Structures are given as structure tokens and as C-alpha cells.
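Student: According to TrEMBL, the protein carries these features:
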type: DOMAIN; residues: 9-298; note: domain 'Hcy-binding'
type: BINDING; residues: Cys218, Cys283, Cys284; note: Zn(2+) binding site
type: REGION; residues: 308-328; note: region 'Disordered'
Amino acid sequence: MESNVWKAVPNVIGKDGQAFIVTDGAMSTFLHQIGLPLGVLPEQLNLENPEQVRSVHEAYVNAGATLIQTNTFSASRFALSRVGIENQFFQIHLSAVNSARQAAASQAAVFGSIGALPVEFIHENALSPERMEREYRRQIAEQAEALLQAGVDGFVLETFAESEWAYWALSAVRSLTNLPIIVNLSPDEIGVTRDGMEIGHAFQWLQQAGADAVGLNCRLGPYGILRSYESLHLEKNGMYAAIPNAGLLHFEEGKYAYTGNAEYFSKTMLDLAQHGVRILGGCCGTTPEHIQRLRKVLEETVFNESSTQSALSAGKGEKSGETSVSDLSETPKIEAKIELLSNRNQSLVEKVAQKRTVIVELDPPKTLDCSKFLRGASILAESGADFLTLADNSLGSIRVSNLALAALLKQRGIEPLVHIACRDRNLIGQQSHLMGLYVLDIHHILLVTGDPSRFGDLPGATSVFDVSSTELTRMVKRLNGGIGFSGMSLEPASRFVIGTSFNPHVRNFDKAVERLRRKIEAGADYIMTQPVYDVKLIKRLAEVAKDLTVPMFVGVMPLVSARNAQYLHHQVPGIQIPETILRLMDEAEPSQALHVGMDIARELVNSVLEHFRGIYLVTPFLRYSLTAELTRYAKSLNHRSISV
């Protein structure tokens, strides 16, 4: 941190003298944890309860943050107008800076936080591109002027999904001041912004436009941001930031929560530091504990060339472990036309009552090129998969409609099982969607709540949730009785086979089983679980299933690398991996990690099929060769004693 531009910011020093800036963590989610009602703009507290805002700042300073951000992320005049307090614009910014300054004392610098304008600003202002840019710059500049008057030490411009918006904001602020400016992009996918610019090029563009530091924050979480940085060549003297969420937002046991924990967060942030990132902190879901652990690992670590190379080599090793599975099994040649699965009209429930049944999940593609998906579907069908299940924009990620793909599979004689999330459709759209499935002769469905859209590809999208998955189950059962959601006759009745999901990785397992029983009472015909990696848990599920009236399909997903295992365990909602398996994957040579992962998967398949006739295989990263191999393996087994 030799540049005078950073002189106001205290450094955190590693054992070898390497200097870092540690920022604070989340403001909004932390306020919600201590009582701020959902739907209340956190910036309102700058006037209504400045003491509470100051207490959050103090918690982060006490945890070790050397740079704290004002509570002004969503304080543009446009955002404030949404709640009718735009006339208090300047008072809100002045109070925000005062609260932060009082908490910081001499221990931390105070940077003004300016977030990207909400997507509603774009949607509600049908302006020409030139006028849109002018208005965007004006909104940002007005915030910057208010923060400058209040006396900030610098600026953090953050959560920009599009590089152009970040450039507009940076240009507006840089025209007003020579104070340090950090610009953080927040892409939806690793390596590219929403408007299609590669992250490395976007960084260079912003640096040339006057950014003192560039970085990534929010959406991708620690693992996604690490992956993004590993694909970049960082300038030796450049200043780079990483401010990820605690993990991925999901709905668990009746409330929203983030995956991962403070220990995993700090370890991943240490990897980022080894890679050359010098500004480190937390975004949504992080707490003072995350920041305290982050500072501790930075102070206790020696950062040298060999350790940096070690971190880089780990990334390269994973890639080498993900290249090919041709040595695992020969990919079968597929004829142009796939024969219909035997007994096409037999339902999943009827089939699993008679013989071993394999469901395989294959994610719909994110682009309009469906050739790889269809090729994978054909290979899986040839391998013996009885049903292919298609997610419904899981994790809020936009994909090709699973209804359209299910229709294509049906044409090819492959039986689809379609997920239906409560998130994206109101009841009108939901019944219409279901009626469309019926017309297309698609009758197997899995009803799920759906991951919230806030941290998906379109964070401004509305999460509908007219009903819960249990209520939707009850309503679809009425469709099977010939009665629509409104009470009108359908003529004829539908014949959906209704599935429900079950997450066994919860703190209160018995309570989760009670909720599962209510779903069955509502009309669920079968159960599909999240992927399970613990043989003891499989046995526990078998005990539960004995008392249920519907079949259960236990999930198994192969691990492809040590990093993949760590990511699933810490960042994917509903997945937990035992320490013994994490250690096995960590100890495997990168070139052998995939083989180890497949060996673990086969053992899990063995365990599941000792207790259940049905199994649910999840395809990682569209690598259908792996689940095709496991499908053939599952079909080849001949367990005599199947209890469920």
C-alpha cells in the first residue's frame, strides 16, 4: 500500500510484512438479524436510529476492519423516493457518515458506499441511451457530492452487474474528487459481466478510467470470486478487492440463510490473498465473526512466492482432474433414434414398486444451444436411466424452459420429470403451466419452493411465492380430481405423479420429517432427497422411509475434485459432506481426484440400493458421462434385500 492515495486507511500486516486492507461486512443483513423488519430500507435508520447503525460499525471495527463503509448503499434519490424519503437525502448521507466516523475513531477509514442503481431505475425510465447515461451519472454524482460534503475518506462503488454502469458511476465520482475509489463488479457468472465483457478487460477499462482499486463483490460468493480471480492475470502493483457474500442465499427451516460458515469464508479469503488480492472483506450475510476470522488468518500467514504458487497449482490441478472421463468408461455410440422406454405408460411409483428405478438429473442449458443437453439425455437413456429430471431455474439462474426441453425429450422417447418452483409463477401462471404439461403428455413433476431470486441472474426479479410447495401439492392433487385452482371443472382430470423434495441436512431432522409427512398428507406420491454423502444418514433415511406410504429416491452426486467437494459442502444449500470424504478428496492427487470421487459415488450407490429400490443421480456440470457410468453401475447391481 505504498501509494499516498491509501494513506488514510490503516493496514493489516501479515507475518512477512505483506499489507492488506480489511473492510467491514454486511450492513443490511446484519441489521435484519438484530431486528430490522424485512422491507424496511436500512438507510432509513440513519435518521430513525443512528445509534443502531453506529453499533454495527463499532462491531466491525472491534472485529478488526480497517475500512468501514457508510450505510448509504441504497441511498440514491431514486431509491429513497421508493419509500417517500427523498426529501431527506442530504440528512441521510450526513448522518450515515457521522455514525461511521464516530465508530471508526482512529482505527478505520470511512468510505462512502454507493451501490448500483436498482433495476427498477432502468425499467421505469424509458429513456434514450444517451439520456439514460446522463441520468444514471447524475444520480451517482449527487450521492458522491453529499458524501464528500459529509467528509468521507474515499468511495466504494459496488455491486455493478454491468461494466458500463460501473464505468458511468466511476466517471461521475472521479470528476468530483481525487480521493481513492474502489469499484466492485458483481457478475452473475464466473469470468464475464452481465453485458458480456470479460472481467479482466473490465478491470483494465475501469483502471484506465481512474479506479484506484477494482474488484468483485456479492453474488458469486467466496468460491465463485476465487474462481474468477484464478482466471485472471493480476498486475503486480495493482490493487484488487474481493468482497463476497457469506455464501449462497437459500430457504431453510422456514427462514432465509446463507450457506457456508466463518471458517470456510476465511480460508477461501486466504486463498484470494495468496493470489494477490489486497482488499478483503464481506458482503451480504457476513458478520463481525467473519471479519474477525479473516483478519486473524491474514495476520498469522506468511505470504511468499511458494505459497502463492501452491494456491495457483491447486486451481490448475482441479482443471486437470476435470478434463475427461474416457478412462472411466467408453462413451457408448448413440443411434439417431432412441427406442421408447419400456412400458411408457407405467408411472414412476408403479415402476419402483416392481424393480430398481433410476432418476437422473440433467440441468437445462443457460444458452440457446441445446445440442449438448440433448446428446447427454440420449446417452443417459441408453445407459438405462428411467426418468430424466429437469430443474426449474435452480439458484435463480436463468435456463432454457424445462417444459420445452421435456417436450423434446418426450419426442425422443425419454421420460421427463419436471421440477416446478413456487418462486416464478403466480397461481394463474402455475395452473396454466401445469395444464400445458398435461397437454404435452408430461405427467411426472417435482414441486419445490425454489431458491430466492435476489442473488440469481436477475436480483431485481420478483419472487412470487403465492403458495408453499405443500400448498401447491394439495392444489395439484385437486387437479387430479378434475378441479382447478379456482374451483372450476377441468374436464378431464389431470393425472400428475407428484414428487416432493426432502433435505435431510438440517439441524432438526425430526421436525423436517414432520414437514415431510405433511407433504405426503397433502398428496405427494414420492420423495427425492438432496444428495447424501453419509452412509449413516442413508440408513437413517431408510428407517424413516419404512413408516412412509410413498417411495423415496435418495440423491447421489459424484464429486469431481477437492475444490468441488469443499464448494458443495460450504456453499450449496442442502448439501453436507462428512469430514472423512472431504479429507479423501483433499488428499487425492489432482489427476486422481475424479477417480476417487467416482469410487465414493459407487459406494454411496451401493448403500442406497441396499435399502431402496429407487435412486436419484445428479449430474455435475453437465458431465453426463459420470452419471451414465453410475446408472449402468446401479442397474448392474443385484441386491437381494431391499427394505423400501
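Glycine is treated like the rest: Cβ placed from N, Cα and C.
Just so you know, TrEMBL annotations are computer predictions that nobody has curated.
Computed from a predicted structure; not experimentally measured.
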Student: Once the chains shown are all counted, how many other Cβ atoms turn up within 10 Å of the Cβ of Cys283 (Zn(2+) binding site)?
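Tutor: For Cys283 (Zn(2+) binding site), the count of other Cβ atoms within 10 Å is 28.
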Student: If you average the pLDDT over the domain 'Hcy-binding' (9-298), what number do you get?
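Tutor: Overall, the domain 'Hcy-binding' (9-298) comes to a mean pLDDT of 93.
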Student: Around the C-beta of Cys218 (Zn(2+) binding site), how many further C-beta atoms are within 10 angstroms, looking at every protein chain?
Tutor: 26
Student: What is the total of other Cβ atoms whose distance to the Cβ of Cys284 (Zn(2+) binding site) is within 10 Å?
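Tutor: Within a 10 Å radius of the Cβ of Cys284 (Zn(2+) binding site) lie 24 other Cβ atoms.
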Student: Work out the three-state DSSP category of Cys218 (Zn(2+) binding site).
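Tutor: In the DSSP reduction, Cys218 (Zn(2+) binding site) maps to strand.
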